[in-house]
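These notes are about the structure you will find just below.
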Amino acid sequence: MDQTAAIHAADVLIEALPYIQRFAGKTIVIKYGGNAMVDDRLKRSFARDIVLMKHVGINPVVVHGGGPQIGRLLERLGKESRFIGGMRVTDTETMDVVEMVLGGLVNKEIVSLINQQGGRAVGLTGKDGGLIRARKLQRTALDSLTDEDIIDLGQVGEVSSIDPAVVHMLDSGDFIPVIAPIGVGEDGDAYNINADLVAGKIAAILGADKLILLTNTRGVLDTEGTLLTAVSAREVAALIADGTIHGGMLPKVECALDAVNSGVKTATIVDGRVEHAVLMELFTDQGVGTQIRS
Ligand SMILES: Nc1ncnc2c1ncn2[C@@H]1O[C@H](COP(=O)(O)OP(=O)(O)O)[C@@H](O)[C@H]1O
Ligand SMILES: CC(=O)N[C@@H](CCC(=O)OP(=O)(O)O)C(=O)O
């Protein structure tokens, strides 16, 4: 490294210092969307960001999705994916695939990536330690439904309660929890829950400082495709009403609002297709993406 590059590296570290001090000892929930798990290089960069956070004294908690990965396996099995209001219609057969892909393939891949970078990750679904209690999502909870859309979403769940004991235990042992969004009903049945909604609830119950949602757009965009760097609850309502926010962005903004209204200091939607998106959001003066304000 020549001297200019060395000075630049030192400047970057110094810029990060106040943020490292501010977040030390705090919990930060990172939602890693299936659409942000694009290629091996990006996945490794994500894992390195998480390990770095842990090493500077932050408690990262990863909640992951895997919608595209579920879709690909369903396709191989000859089953079509159907979404209503951003939620996958989940019959019993689909639920088996969801549990295998989220709790198995995707969860263990993330655990393994973090561990390869020197972290100590432990993978969980909401069934482990009774972490995520769920109930069947009632159709009325989906505001965007029209009468024609009213069909049974099957085993799609919503969070009824979170028992964070297992997460606290892992944090205190210096492990990094990696959580798949599967909930358990009173009858022991599995429920498929949108990962954004789980991330929001977990951030709230843990009293997290920040919720970072990694996805495949730069953040919330307006009708011209311009990035909105910050949106309030009122602006979000208007953007939903005029259709600017739709599909997969709906649960994202809803859970972000829910989190900030429940005491999480900031919720940000950022582009997970950019290397080190998490570090840029946390440790630089400019930040990235869209911040959701209460
Ligand atoms: N106003 C908006 N701004 C940005 N993206 C939007 C907007 N409205 C809808 N979307 C869609 O939401 C998608 C992100 O949600 P989703 O596909 O569920 O991602 P993830 O897998 O990360 O949860 C974007 O790729 C985009 O197609
Ligand atoms: C009910 C529901 O839609 N569940 C999601 C769970 C995974 C998820 O949320 O994945 P992303 O974050 O990658 O979108 C699904 O089945 O796709």
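Cβ atoms are placed via backbone N, Cα and C, with glycine included.
These numbers come from a predicted model, not from an experiment.
Matching N192, N216, N261 to the substrate binding residues that TrEMBL gives (G66, G67, R88) identifies N192. Considering only the residues assigned to substrate binding, G66, G67, R88, N192, the longest pairwise Cα distance works out to 12 Å. Apart from G66, G67, R88, N192, the substrate site neighbourhood in this chain, defined by C-beta within 8 angstroms of the site C-beta centre, holds G34, G65, I70, G71, T90, V98, V101, L102, P181, N194, A195. Closest by Cα distance to K252 (site 'Transition state stabilizer'), from the recorded positions K31, G66, G67, R88, N192, is K31. When each of the recorded positions K31, R88, K252 is scored by how many other Cβ atoms sit within 10 Å of its Cβ, R88 comes out lowest. When secondary structure is read from DSSP and collapsed to three states, R88 (substrate binding site) falls in the strand class.
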